[in-house]
Amino acid sequence: VVESWSFLDTVESNFRPLVVIELAKGTKEETIEWFTKRIVDKKANGGAQLLIKPLVTENGVENIYLVGASHLRLLLGAETVGLVKECSDNSMRTFTYSSRKTFKDFADDNHNFLTMAECQYIIKHELENLRAKNEKIIPGYPQAKLYPGKSIVRRLLTSGILVQIFPLHDREELKKLRHSWYGRVKVGYQPLDDIRCYFGETIALYFGFLEYFTFALIPMAVIGIPYYVFAWEDYDKYVMFATFNLLWSTVILEVWKRICSILTYRWGTLLMKRQFEEPRPGFHGVLGVNPVTGREEPVYSSLKRQLRIYLVSLPFVCLCLYFSLYVMMIYFDLEQWALDYHKENESNFSSLMLYVPSIIYAVVIEIMNRIYRYAAEFLTSWENHRLESSYQNHLILKVLVFNFLNCFASLFYIAFVLFDMKLLRQSLATLLITSQILNQFAESLLPYWLQKRYNRRMKKLMCSQKTDRDLSIAEQVNMEKEMGTYLGTFDDYLELFLQFGYVSLFSCVYPLAAVFAVLNNITEIYSDALKMCRVYKRPFAEPTANIGVWQLAFETMSVISVVTNCILIGMSPQVDALFPDSKMDLVLTVALVEHLLLAIKFIMAFVIPDKPRDIQMKLAKLEFESLEALKQQVRVFQMQL
């Protein structure tokens, strides 16, 4: 069933704005007319079959348009994108319009069957899949070339004609979410299902992981406090603490996989089929034919890409790593200067000066990480990866390698070159606490303060003007279009990854690391919730079944932590005294213990299933039913022949 409507449908009374399109000022009329016609045109004619309405303000019609869709169109779109919904028998199945009556809470007049986030995701999918047919250029802009199959929205974005597309906030729902999420300080779980309904699965899964990781750190924090208080220099007692830490890091990561599968099954994304990836917006090349799809699209030589990676990107990353090590050596010169100053003066001021080099170095690390991030994004974009997944993997690898060396190289140097456990403890504490304070300020407090100032100015401006009945939506759009754009969960996961490294890599030296991590994460939950609801534009929902490559990153960090903690314990005077005659026996013993712990970690990872038994059974049942349905279709087809 396909619904059709005319261009006049854009002014129907029940129009519900879901997505905002902002065009550049001065965009030519013929371009606007062509683009809006393609949006409302029938699917059979290559359109998106959506509804569009210009935003009217007191100054007249601006180049801002509101996009919506009829209820039927959204249901058909839900089938197209493969949304999974709960059926009346409590099972989860891919939604199809023909079987809509079998789904829980479905009714023809129930417009809340699809969440607002799902509706906006469907509209985004339809807009991104608006493709050129026979057009060679964008009307009015001869320099903006098109070819059959090229995404129109992507070309408009890269040509600077389209400024931005973003989903609107639902102010009433947002108010309820804010109240239940961070409106009051409480001890309890976050409303993850509500977060998922409003922001989508990717963001809800991040907050689920943040909450889970915070709770998982509590045992380490509780055990670490007495070790810190009563066993400061007694490394014998730290053996048990470090062993518990290493096994703990394995268990929490494996248990998270199970929790993740429970959440994503309930949300339907565990069952969503991975769609064939289209070329990413920034991908460019000579027009050719994709051998898989047969479509015309840009083609770029993989050899050229590999040359760019290995002859430019790799040397640049190595140069940055060298520079990071050079800055680290300057830090150690400052540490030596502070130590000499303290020995000469022996005052309270000189005692405080001992912490100054570490604080300065922590600030420099944060600045270097952020500058490098921009360079890594530029380089990865320049490498011209065809797929978004390939782009993200190369970007994450670059950023993780640099951040790991930049944040932890000084600690490794202190531990395994200087053999100074007191300085290691001091540096670890200073780096951890300083980085947490800087991140809280830069990511949440500063953007919130700037956004609040802008909102006050906008409200004064709106109140000073005579308004019509559309003021509320006009005010909302004008305020939201100036808000910052949320760039995804990359930085949030990176912060947790580095925190996990501080807690696990040198746990036997500074047991209080977990305590500070818990305190930081509690405030992080509230500050991240605040920035999602008040600082940034609403992001489009993105379905996901897991935390992706970050799971592998955390698991790799836990393996490295086994090696570092075993070496640190082997270096302690108490353990060293057990092997007075042969240092080789000490090395072999430490290596044996390290291999034994790694073996236990991998056995535990193998023994603990990634999915609970009931989820496995439900997935197996659905697979069986799908095969049976396919067999039935084949039989019907054969009988017809």
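Here the Cβ of each residue, glycine as well, is placed from N, Cα and C on the backbone.
Per TrEMBL, the feature domain 'Anoctamin transmembrane' maps to 195-621. Residues annotated as transmembrane segment in TrEMBL: 212-232, 238-256, 309-332, 352-372, 395-416, 496-519, 586-608.
With Cβ pairs under 8 Å as the measure, the transmembrane segment (395-416) is packed most heavily against 309-332, out of 309-332, 352-372, 496-519. Packing against the transmembrane segment (309-332) from elsewhere in the chain are residues 357-358, 360-361, 364, 368, 372, 375-376, 379-380, 382-383, 394, 398, 401-402, 405-406, 409-410, 413: each is 6 or more residues past its ends and has a CB under 8 Å from a CB in it.
Long-range neighbours of the transmembrane segment (352-372) within the same chain, counting only residues 6 or more positions beyond its ends whose Cβ lies under 8 Å from a Cβ of the stretch, are 320, 324, 327-328, 331, 334-335, 337-339, 341-342, 399, 402-403, 406-407, 410, 426-427, 430-431, 434-435, 438-439, 442. Just going by CB pairs under 8 A, the stretch in 212-232, 238-256, 586-608 that sits most against the transmembrane segment (496-519) is 212-232.
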